[in-house]
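Summarising the annotation, TrEMBL assigns transmembrane segment to 12-31, 43-61, 82-108, 120-142. Residues annotated as domain 'DUF1468' in TrEMBL: 12-147.
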Amino acid sequence: MTLTRFSPDKIGGAVCTIIGAVSLIEALRLYPYGVGLLTGDHTFPGILGVLLCIGGIILLFKKSKGFGEASMPKGKIRLKMLLSIMILLIYCFLIGILGYFLSTLAAFTCLFRLLGSYRWIISLFFSATLTAVLYGLFIVLLKTPFPGGSLFF
């Protein structure tokens with residue numbers, strides 16, 4: 001006898017819904033400090049909370065399928081996974097030294113090259129575009145301060 005009531009999708013849906021609700025409560029708490037409805041400290045937790053609640057509720061009520069066999073990745077896939085984790089850990093270290101822009105550009109370039117198997121110039125173009133879009137979204141529009149880096153001060 002298997003317990004389908006507690007499938008991984010249902011557990012994940014419950015966790016997502018709870019985290020989304022906590023995020024929405026935090027957004028409501030921060031709302032009075034904001035300038036407007038879509039600008040201020042409450043915007044990101046509010047959007048994230050809504051998306052997490054919607055996704056969690058979908059997972060909770062979705063019919064679960066049978067479970068397949070899972071195995072650890074081998075060969076090139078394992079190497080790519082380990083290198084991705086290593087790149088992100090190095091990124092966490094470099095963001096305090098180089099700042100947001102340079103460290104994000106370097107990390108995205110390496111990840112696009114590793115995971116997408118693009119040429120270096122294409123990886124650099126994609127990462128520069130993505131870094132600029134995220135910079136515009138968070139720093140310019142949402143006025144979120146990002147690390148400037150200690151190397152250039």
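In case you wondered, yes, glycine gets a Cβ from its N, Cα and C as well.
Note on the domain 'DUF1468' (12-147): DSSP counts are 103 helix, 0 strand, 33 coil. Here the transmembrane segment (43-61) sits against the transmembrane segment (12-31); at least 3 CB pairs are under 8 Å, leaving out pairs fewer than 6 apart in sequence. Within its own chain, the transmembrane segment (82-108) has Cβ neighbours under 8 Å at 114-115, 123-124, 126-128, 130-131, 134-135, 139, 146-152, counting only residues six or more beyond its boundaries.
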